[in-house]
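S.K.: I'd like to ask you about the structure that follows.
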């Protein structure tokens, strides 16, 4: 077989850099998009943010289109916006066509947060240790701060630091005393008894219960730090020390018999124990709050549901007319080429944002159209909805709908929800209809909330109650939905009343 050159004709899809940018912007969340826009503003001199009150003309029509896409509320899906065809690459025609199912969106003003921690002042009558840790201080640094303030020898301080290094984020000691002793410098000649003494000092630090080796010890440490006049303190100490397993199994009859307590008395003892923290370290090791900025706002006006983009989260970008006017024709100098390329990128970026906004509006409008029952009556009125339904309604591919509904949020009178929340599978009803799995979860949650606390509903009983309402669901499915709601099994929901 001889090597030869062969010419073939064919078609091949090519993903241009501009197309890649449009897809990437489509799947970004509002906060990520804000960062992307900020980076574009810093790197491209042709881009500028249009602030409220700016009254000078903007010569770039793409920027005007981006602002229009972020305005007026929608009552029905948007019509496809026309994009001009490009026959020549003149200075005024740097943009190319983006497919209609590739999109645009939003952003918000930069938020800079500063935090500081300080020691309690002499004027503070009462000091809350959590006030010092509100800025996100770690548990280890908080414990070391207390150790450094405590009077102790250098050897004890070294032991204390080693112990603190063995405490996990929940506040429990993960290593045995022998392992801690082995980690200490042998030249210090430390005995095991010394490690245990220092551990007891660590266990007196805040938060209460820190440095415990198991749940029982953690609860006992917290109870022993309560005032001696605390009602039912002795009974709580005895219950945790001797009968914690019975409490975990909710065997209240055995607890009342062994502790010789009446039902009302046992309830008060349990309430005292429930005030304790099973994971004391979590009071310090709190992750930084995650903020959600809704992309879409839904409101009701004259019995109609209106959809609009969140103006507070909308970027208002435009091409800087002054710099754009400096681009000269037939000038191949390095400076002019740079300015021309930046102008092209700026126009593409604005057009990609516009496309993102238009796609988001189309999808959000169709979701509201399908889920009017939820907006009017709540979760129990949620209808089954899949990506294919919305993709067919707006004339886009399911992958595009998946991108635009991920990490995008809708603000409704019933709360803020991710767009994916409105999609759910269906379950057949006795009448031959369909019921949303989200609606079934809402019904299960309602049934559990109204159950008798002494005789909680089992999964089989819940399945029977659903069947009585015409919804045929297997017990295993009920168990799956219950677990997804964070509801414990009936054996663990049983409590004294």
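Glycine too: its Cβ is placed from the backbone N, Cα and C atoms.
Since the structure is predicted, the reported quantities are computational estimates derived from the model, not experimental observations.
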S.K.: Identify the DNA-binding region range according to Swiss-Prot, selecting from 346-365, 366-385, 386-405, 406-425.
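M.R.: Of 346-365, 366-385, 386-405, 406-425, Swiss-Prot gives DNA-binding region for 386-405.
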S.K.: Of the ranges 465-473, 474-482, which one does Swiss-Prot flag as motif 'RPON box'?
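M.R.: It is 474-482 that Swiss-Prot annotates as motif 'RPON box'.
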S.K.: Among 42-100, 101-159, find the range that Swiss-Prot records as region 'Disordered'.
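M.R.: Region 'Disordered', as annotated by Swiss-Prot, spans 42-100.
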S.K.: On average, what pLDDT score does this prediction assign to the DNA-binding region (386-405)?
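M.R.: A mean pLDDT of 91 is what the model gives the DNA-binding region (386-405).
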S.K.: Within the motif 'RPON box' (474-482), how many residues are helix, strand or coil going by DSSP?
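M.R.: Looking at the motif 'RPON box' (474-482) with DSSP, the answer is 8 helix, 0 strand, 1 coil.
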